[in-house]
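One structure is given below, encoded as structure tokens.
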Amino acid sequence: MSETSKPGNFITQIIDKDSENGKHGGKVLTRFPPEPNGYLHIGHAKSICLNFGIAQRYQGQCNLRFDDTNPEKESVEYIESIKRDVTWLGFEWKEEPKFASDYFDALFEFACELIKKGKAYVCELNADEMREYRGTLKEPGKDSPYRDRTAEENLALFEAMRDGQFPDGEKVLRAKIDMASPNINLRDPIIYRIRHVHHHQTGDKWCVYPMYDFTHGLSDAIEGVTHSICTLEFQDHRPLYDWILETLETFHPQQIEFARLNLNYTVTSKRKLKQLVDDGHVEGWDDPRMPTISGMRRRGYTAQSIRNFCERIGVTKSDSVVDVGMLEHAVREDLDANANRAMVVLNPIKVTLTNYPEGKEEIFTVSNHPKNEDAGTREVPFSKHLFVDQADFAEVPPRKWKRMTPGSAVRLRGGYVITCDEAIKDENGNVVELLCRYDENTLGVNPEGYKPKGVIHWVSAEHALDAEVNLYDRLFNHESPDAKHEDKTFLDFINPEALTVASNAKLEPSLLNAEPGVGYQFEREGYFCRDLNAERLVFNRTVTLRDSWAKIEAKGK
Ligand code: ATP
Ligand code: MG
């Protein structure tokens, strides 16, 4: 679907109205402004789809801008990962990526201008005093004793701050707005602070850094952003955003807030995701259990399915929690339509066909996709020795069993019908091998008079590839790991079964050339892709064939 034919939302309504009124001459410029202090997650994907999607819809432009005002927490690694993730999701920014730090000179000048207008002052209250003077939601704040300094004095002090004459925290620059404002954001907020730290972009040029609220609106103004879309928690900051732009008489983008994406069974906070990485609960930011874009990519989620999901959940003004099952559904749906099929036995048990000649080999031609002929066919070798999955055999079958059991027949997918005669056990009584007979008249046709009830997947033992298969599941086993829990944190809800490894999996040989990241349906098992990082043959389970959590949840209710 092209962007213009997609259904609109309350933001496109605002933009349509602006265009009708000739505001900005019909121009639309949005931006996606991550702080490079972590990897992007599924929540950011929503913001990316929204901002870049709007630019596409109106033939406008969306900037990628790094909001890099906190050098201690930021890094070039994060910057590079963010660029990779936006590109992988399928979006393009025009021109070079932008950085708030590109504007540090301009921002310093803007701050000086506020001082000259009598709208900012250097304050020396320490953090505790600052808190005390700020007041509370119920009580107004008190004016700082430094509030009435002259512009000249403030300017000289601010320049001295920039020139490194004071240690961290000794002085700050504050906007002079209203200490009695019911909106605490307007009670003379700090707009510059002293930090003697190296910055990944500007090196050691600065020891004063602008605060987020001051930087954000002015960066938007400098770039000529027409619609500055952000999440709901910034609604209370909008009056400050507006105050800064009005006081400085600059170009004035309109800030529009929408509800952030919350997903159940998921944590979407960079701080918490970083904790999972730093404390070793996962193997890294791109661990396939992580809700990061790089984790989802490595797990096998497609960019298309993430975009479809973001489209479906829509854009609203009220906070809600989306079922992660919807995301998994979007992944399943895309892979069902597009992933080639393959046969993989996760927990192998040997099958010997007693009436099949030793050393004989046949090649079956099997279609890659049951519903899409264009996907073509592949060759699957067959021989006397096979592997099937342990789960497909039961010595004493439950009722309605359709798979292997002594005395009954099953079809091997794409191959013959076989009948199990005997299960061979080891000294502990575990079944280690199944002796079966094949019926040579059943290749592609059902035998006269009966139709085997079940179809199972298999791999020829002599041709099989050995691989490790990571069976991933949801990282948290609680619906809202992030909520306030008595005595518990989100870490207590990590699902110990979020990763189990099938270390002895047997793959059909065509998978030797599987491209990393490309999805397959392993017949009857789920969707998988070859791991992007591993040098050996490792596959990751992207998602199961059906939503097994829905059943668990239904039971719990
Ligand atoms: P986090 O809370 O995970 O640290 P953040 O908001 O601090 O995220 P930023 O790097 O500032 O992270 O986010 C960049 C953009 O992505 C912002 O415009 C922000 O509003 C948006 N964004 C972040 N999280 C979500 C979310 N869950 N849903 C929608 N948009 C989001
Ligand atoms: Mg933020």
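The backbone N, Cα and C atoms fix where each Cβ goes, and this holds for glycine too.
Taken from TrEMBL, the feature ATP binding site applies to Glu35, Pro36, Asn37, His41, Ile42, Gly43, His44, Ala45, Lys46, Ser47, Thr231, Arg260, Leu261. Packing around Lys46 (ATP binding site) is summarised by its Cβ count: 25 other Cβ atoms lie within 10 angstroms of its Cβ, all protein chains included.
The feature L-glutamine binding site is assigned by TrEMBL to Asp67, Tyr212. Sequence-distant contacts (6 or more apart, same chain, Cβ under 8 Å) of Tyr212 (L-glutamine binding site) comprise Asp67, Thr69, Asn70.
Over the domain 'Glutamyl/glutaminyl-tRNA synthetase class Ib catalytic' (27-336) the predicted model carries a mean pLDDT of 97. TrEMBL lists 27-336 with the feature domain 'Glutamyl/glutaminyl-tRNA synthetase class Ib catalytic'.
Counted with DSSP, the domain 'Glutamyl/glutaminyl-tRNA synthetase class Ib anti-codon binding' (339-439) comes out as 6 helix, 52 strand, 43 coil. The feature domain 'Glutamyl/glutaminyl-tRNA synthetase class Ib anti-codon binding' is assigned by TrEMBL to 339-439.
The annotation domain 'tRNA synthetases class I (E and Q) anti-codon binding' is assigned in TrEMBL to 455-531.
Marked as motif ''HIGH' region' by TrEMBL: 34-44. Cβ atoms under 8 Å from those of the motif ''HIGH' region' (34-44) belong to residues 66-70, 73-76, 78-79, 81-82, 85-86, 200, 260-263, 266, 268, 270-271, 273-274, 285-286, 290-296, 306, 327 of the same chain, restricted to positions at least 6 beyond its ends.
The motif ''KMSKS' region' feature in TrEMBL is assigned to 267-271. Packing against the motif ''KMSKS' region' (267-271) from elsewhere in the chain are residues 37-39, 41-43, 260-261, 291, 475-476, 481-482, 490: each is 6 or more residues past its ends and has a CB under 8 Å from a CB in it.
Selection of the binding-site residues Glu35, Ile42, Tyr212, Leu261 by a Cβ distance under 6 Å from ligand 1 yields, in sequence order, Glu35, Leu261. Once the Cα atoms of Glu35, Pro36, Asn37, His41, Ile42, Gly43, His44, Ala45, Lys46, Ser47, Thr231, Arg260, Leu261, the listed binders of ATP, are compared pairwise, the greatest separation found is 19 Å.
Across the domain 'tRNA synthetases class I (E and Q) anti-codon binding' (455-531), DSSP helix (H, G, I), strand (E, B) and coil residues number 9 helix, 35 strand, 33 coil.
For Asp67 (L-glutamine binding site), the count of additional Cβ atoms within 10 Å of its Cβ stands at 20 [all protein chains shown]. In the vicinity of ligand 2, defined as a Cβ distance under 6 Å, none of the binding-site residues Ile42, His44, Lys46, Asp67, Thr231, Leu261 are placed.
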